[in-house]
Amino acid sequence: AAMAVSGDLWAELPAERRIFCSVLLFSWAVYLWEAFLAHRQRRVYRTTTHVPQELGQIMDSETFEKSRLYQLDKSTFSFWSGLYSEVEGTMILLCGGIPFLWKLSGQISGRAGFGPEYEIVQSLVFLLLATLFSAVTGLPWSLYNTFVIEEKHGFNQQTLGFFFKDAIKKFVVTQCILLPVTSLLLYIIKIGGDYFFIYAWLFTLVVSLVLVTIYADYIAPLFDKFIPLPEGELKQQIETMAKSIDFPLTKVYVVEGSKRSSHSNAYFYGFFKNKRIVLFDTLLEDYSALNKEPAEGEDGENEETKSKTKNKKQGCKNEEVLAVLGHELGHWKLGHTVKNIIISQMNSFLCFFLFAVLIGQKELFAAFGFYDTQPTLIGLMIIFQFIFSPYNEVLSFCLTVLSRRFEFQADAFAKELGKAKDLYSALIKLNKDNLGFPVSDWIFSMWHYSHPPLLERLQALKDAKQE
């Protein structure tokens, strides 16, 4: 009976109230589901205090304990920052933060001589204010994460000055890309007629391809120093391996990742016959600044980078670096990169098409406090961020499952190149250097891990090692 009454009450609510309540309820449902999974994983961190038998050969008890405490701290931080985010988002919706900010943007652009007919100008002011608000409210969490958690566990290499300089630079660069791209997108939607969604999709496709092309050459160097990998054995071996699988390699760079963190990574980028490989100095035993003692009286850039010798002999040997690259190149050879781009663009096209279908619904705007106007930017925000939220959750899970499958395939590719033994030891080293915890709750792992758990990857490689 109670269910029937609440059903009747729900049916009597105006459409815009039902939309608003559904968005809010779904947001909290996702948050509670994530919190439940994180709670299960935290229980694993708390109770698994000894190295499990099957990990005896892989991890010593000191590293195991370090990684357990690191991941426990990260998980607790994640719980509080996630709760804050959810409450902040809810308060913004309940208090009409979005229409308030839109009105304020109109007043600011009005003072600059742009009336209500200049919707794109007002949209850009709105975007600038919204991203500024987000940067300011996120700053304390970012500071705590970097200077308390990462610092405590020996990963942070930044000073406060470097951190703020970096944050301001990041904000400015983001605005320089975001504002022109958004203004062009809004203009295309305005003048595109009935088929605007096709032009809008094509525009975002071109923008994403351009950004991928210029990112490593022009954007990333604004934040980190890239140097060509010096001539030598490692460079020769990388070039030989690339040649053996017809990878059109043009350059190999080492990036000074150790200036900000001692976490390690490697990636490749570029289109067609112009591919480059980027190795973090923290990945390379021979180049990691953390393995070098600072020279006496050394200053300059080192004032920004505090040399820490806690993680002595960080990084991988040349053969292990080659094995990691064998895995990365496997993603290229097996077409994973292209498949991901195709999936992303199919999704983007579908979203723009559905946006075109929904944008005329006045109830969607009214649900979020826009009764008299239907600004395009607000429509994009409401539909992409709130209305598509259930679809985005399902898509995200499917992509995580696919990503795990791709990782196993890339490992198998490295195995075929004869790198099984070296990849096996490299995975153990990287897990140790990054303080990854090798025990996980099965539901948490299934929902979140885009890479398979360490033990599963090692097991798959072990069979090849023994052959």
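Each Cβ is built from the backbone N, Cα and C atoms, and glycine gets one as well.
Feature annotations, reproduced from TrEMBL:
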ACT_SITE  Glu328  active site
ACT_SITE  Asp411  active site, proton donor
BINDING   His327, His331, Glu407  Zn(2+) binding site
DOMAIN    41-225  domain 'CAAX prenyl protease 1 N-terminal'
DOMAIN    228-463  domain 'Peptidase M48'
REGION    293-313  region 'Disordered'
* What is the one among the recorded positions Glu328, Glu407, Asp411 whose Cβ has the most other Cβ atoms less than or equal to 10 Å away? -> Asp411
* Asp411 (active site, proton donor) and His327 (Zn(2+) binding site), distance between Cα atoms, whole Å -> 5
* Asked: Counting other Cβ atoms within 10 Å of each Cβ, which of the binding-site residues His327, His331 scores lowest?
  -> His331
* To do: Report the mean pLDDT of the predicted model across the domain 'Peptidase M48' (228-463), rounded to a whole number.
  => 86
* Starting from the Cβ centroid of His327, His331, Glu407, the recorded Zn(2+) site, name every other residue in that chain with its Cβ within 8 Å, sequence order please. => Glu328, Gly330, His336, Phe406, Gln409, Ala410, Asp411, Phe413, Ala414
* Inter-residue Cα distance where the pair is the residue listed as 'active site, proton donor' and His331 (Zn(2+) binding site), in Å -> 9
* Asked: Could you state the CA-to-CA distance between Asp411 (active site, proton donor) and the residue listed as 'active site' to the nearest Å?
  -> 9
* Asked: At the Cα level, what's the spacing in Å between Glu407 (Zn(2+) binding site) and the residue listed as 'active site', rounded?
  -> 9
